[in-house]
Amino acid sequence: MTDTNEKIRSLFLTALMVFSVFAGTIAFSGGAAAAANVSVQQAAEYDSGTVELALNGSTGSTVNTGDIDIYVDGNKNPSNYGVSSVDTTDDGTTGRLQFSLDQDVQPNRNLTVKVSGLTGGDNTVVAEDIDVTSQTIDADDDSGDTNAFRGEVLAIRADGDTDNDDATSSTKIVVEDSNGAVVTQDTYTANSKVYTYETENLDTGEEYEVSVAGDADENITISNLDLNVNIDDDVGDGANIDDKDTLAVNVSTTRGGEPANATLFNEDDDKVATQVESLKGNENVVFDFGNQSADDSPYYVKVTDNQTGVSAESDQINVSESDDGEASFESSTVQDNIGDVVNITVQVDNTEDAVINIGDENDDNYYIQGQLEDDNGDGEVTVQFNSYTAGNYSDSTVLSVPGDDDIDNIKEGGDYTRGSLSGDTLEAGSYSMNVTAGTSPDVTSPDTVGTLRLNENSVENIQTWAAPSDADIDDDDVDIYDRIGENLTQSDDVAAEDVVVHEIQASGIEGALEYEQEDGSASDVTEAFIAATDTTPYRINDSDATTSGLRLYVNRTDVGANADANPIDFSNSSDAVTVVDDPDNNTYFVAVDTSDVVFENGKTIVKEEDTRLNATFSVREGPLTDDRNSDSAIYTTSERDATLDLDDSGVVTVSAAAGQEVTGETNVAPGSELEVEMESESDANPFVIRPEVDVATDGTYTATADFQDYSAGTNFTVQTLDVDGDSDFSDEEDGRIVEADTATVSISEQESDGSEVVVDSAQLSEGGFIAIHAGNASGDVVGNSEYLGAGSHEDITVTLDEPMDEDFTAVAMPHQDTNGNEAYDFPGDDDPYTQNGSAVTDSANVTIVEEEQTEAPDTETETEAPDTETEEETDAPATDEPATDESETTAAEGPGFTAAIALIALVAAALLAVRRDN
């Protein structure tokens, strides 16, 4: 018994020793914290320049303004951020230090505070990177709603000013969404009356309720500032650039007028450069950081809105070391015609700049030079050389660059000069070209050489086209070729009041038109063409050359004997003329509205008469050529007319059914929209039907109308109305409604070997055929019957064009024999019988069956011995055994819990030992 007691005593003493070790550890930890210097638990700037430091203990002595140093973005005590006062209550001795600055700190600034002269320790406390808030909410103010942008840092103050709700470390702050769901729940830091709240994780467009100490005091509505930082090729050179390119970003936001701070960071997150610009609402603002070294790549740009502190970052921008720049021609030989604008494409690599030279002062007695800049960064610059103005006008009229690229420092020289545009242009022939990367005008060793070949110009052809009177052709009509076959048809007979389009195929015109449009007073291609081309009536027969040498006259030739020519006066017909140019194909379309043209004698085209016209385009002897080049086209304008198609009895016949067609033909331009008016002469069946029709390319038109609601035997009149829908220009014809052709058909489900189907019955009022469609009424026609006479038919066998090898749906459809040849000619002729506007049909499933083949019985029978081994798979009934969860021992954390476990284990061991001894 004594041994037992001694064992218990020893175990108990051991337990006390173990417990004392843990207890000592706990006591030592607390003692170490208590012995530390005073430190900052939380720091915040709020309420227009007020700073709070929540400390973990008293400063030991009152903090004065002279004890505080302010660092803004690393600058110590800037003059406009001085400490104006220290709160008399919260002076540090209470564990809270509050003081005011001369100026509010913007949320994008870095704020650090150093407090010196404290009692004990190292006498100093430092708060770095203090939370600078953009707005302050008073928990006891009940001021209502606060609007904030997502990403702002807000200060929620509970300082007991009115409701005695001074915050403590147990004061709860709760933020709930509009549905009452808690999104944030926290407590104030000890010795702090300010809770800093980040709105980054809140949803835009939502309203949130803020409660402090159980009271709902404030609502916050979250909006989106939409601060975007984009890498844009239009403002810089993109996301993958070299050290010669420009690193720039576009910044936009929904709210403008406020400054923003853009900082460029390198791969080590070190600041490289900073810019401040005022943002514009929904407009891009460019932050340009110029050229950057490849050594610190990649870079990114962080932009912070100064007022709210909301930030956004760009994607990564990679900068590589640039290679030596090089320039070349896309094609080493470029050719065009004298008077045209030559497009020369220069390609640049590892550079934005290049210098181009065209011609040689010694060999050609002419040269022009320009400095190119690839502003859009696509590696190409298209140079336009106007051979019409070369050697005469200012340099900029000769060399130009379209689009976003640029050309500067143009210099033209050589012995070749022109006093005016009436002087001779450059001679046809080959001219040297070269291009060199860089900006130096002194080129001794060009990167690439090439040849510009200028050929003689010519007038190849002029032909006429007809377009509807309302064709609305304009000078930006880039799709004029798409009109061909729709509302533009080649013709030398044009209906009066329609538009006649003169297609001129000629080279050497482009330069004169571009000069008038770019450097003259012309606002569009039409004005440029009229300005560059002599169309003056009284000078048409003048043998003297005009300034440009270009001439167009349209002369009336049917004026009779002993009469002067009567040309169109384009100067008084400007509203009637539209020009569409296609210089790439040396083609120019001059559209003239025949309803508006005025002749030299002041008269217009009489629409009731035929007028014969001769259009001639020429390049006269002058600056562009030494010889006259021309071509002419003769055409006639005729009275507008339309003729309706009649049956053998001289009337327009339609059936009392839907989808009835009335046809005719006209001389107005294809594509014109006409109307066919059909008006009843019966009081019992009154109607007026006006379907619209489009004139086809062959001059025909087809009007479709529904007569199924009107009785057979009704008479009506029919006439064609012009484009305006009022004036009729066809004779009024008689029309009659007759009985509609009718048909019925029936087919049943059946089995077939796939070669034929059987239609149960059909009734055809005018005879015809039964066609079989596969699948549905619009499916392929797979077979048709022989001709069936008018009347009823039963058990009609239709042989299929190709045998069917699988089941299908057969759709039986009666067709007419519209051309009377008793042969099935659909499509084209032999339309289906219809009812209510739809084809008459019936359908049934056809099952494909194969003929049974009888095979001779196999006389040899193989008998397999029974398998003596039987494998049985016995599915035993599933028994649900309880799964054994292997318990996982989780180490408890905390010194108190560990000590208790150890003590319990020792006591249990002691009791077990006693039991064994007993």
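Placed from the backbone N, Cα and C atoms, the Cβ positions cover glycine too.
So that you can see what the record holds, here are the features copied from Swiss-Prot:
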- 1-34: signal peptide (SIGNAL)
- Asn37: N-linked glycosylation site (CARBOHYD)
- Asn56: N-linked glycosylation site (CARBOHYD)
- Asn110: N-linked glycosylation site (CARBOHYD)
- Asn219: N-linked glycosylation site (CARBOHYD)
- Asn306: N-linked glycosylation site (CARBOHYD)
- Asn343: N-linked glycosylation site (CARBOHYD)
- Asn392: N-linked glycosylation site (CARBOHYD)
- Asn434: N-linked glycosylation site (CARBOHYD)
- Asn541: N-linked glycosylation site (CARBOHYD)
- Asn555: N-linked glycosylation site (CARBOHYD)
- Asn614: N-linked glycosylation site (CARBOHYD)
- Asn715: N-linked glycosylation site (CARBOHYD)
- 815-894: region 'Disordered' (REGION)
- 833-846: compositional bias 'Polar residues' (COMPBIAS)
- 849-875: compositional bias 'Acidic residues' (COMPBIAS)
- 894-914: transmembrane segment (TRANSMEM)
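Fewest Cβ neighbours within 10 Å among the glycosylation sites Asn343, Asn555: that distinction goes to Asn343. Comparing the Cα of Asn37 (N-linked glycosylation site) with the Cα of every entry in Asn56, Asn110, Asn219, Asn306, Asn715, these being the glycosylation sites, the smallest distance points to Asn56. Annotation note: Asn392 (N-linked glycosylation site) sits in a coil segment as assigned by DSSP. Between the CA atoms of Asn219 (N-linked glycosylation site) and Asn392 (N-linked glycosylation site) there is a gap of 74 Å, rounded to the nearest whole number. For the glycosylation sites Asn434, Asn715, the largest tally of other C-beta atoms within 10 A is found at Asn434. Asn555 (N-linked glycosylation site) sits 34 Å from Asn392 (N-linked glycosylation site), taking the C-alpha atoms as the reference points. Assigned with DSSP, the residues of the compositional bias 'Polar residues' (833-846) fall into helix, strand and coil as follows: 0 helix, 9 strand, 5 coil. Here the glycosylation sites are Asn37, Asn56, Asn219, Asn306, Asn614, and the one whose Cβ sees the fewest other Cβ atoms within 10 Å is Asn37. Taking every protein chain shown into account, Asn110, Asn392 are the glycosylation sites, and of these the Cβ with the most other Cβ atoms within 10 Å belongs to Asn392. Reported as a whole number, the C-alpha separation between Asn110 (N-linked glycosylation site) and Asn306 (N-linked glycosylation site) equals 12 Å. Geometry remark: Asn392 (N-linked glycosylation site) versus Asn343 (N-linked glycosylation site), CA distance 20 Å. Note on proximity: among Asn56, Asn306, Asn434, Asn614, Asn715, the glycosylation sites of the record, the Cα nearest Asn343 (N-linked glycosylation site) is that of Asn434. DSSP gives Asn343 (N-linked glycosylation site) a strand state.
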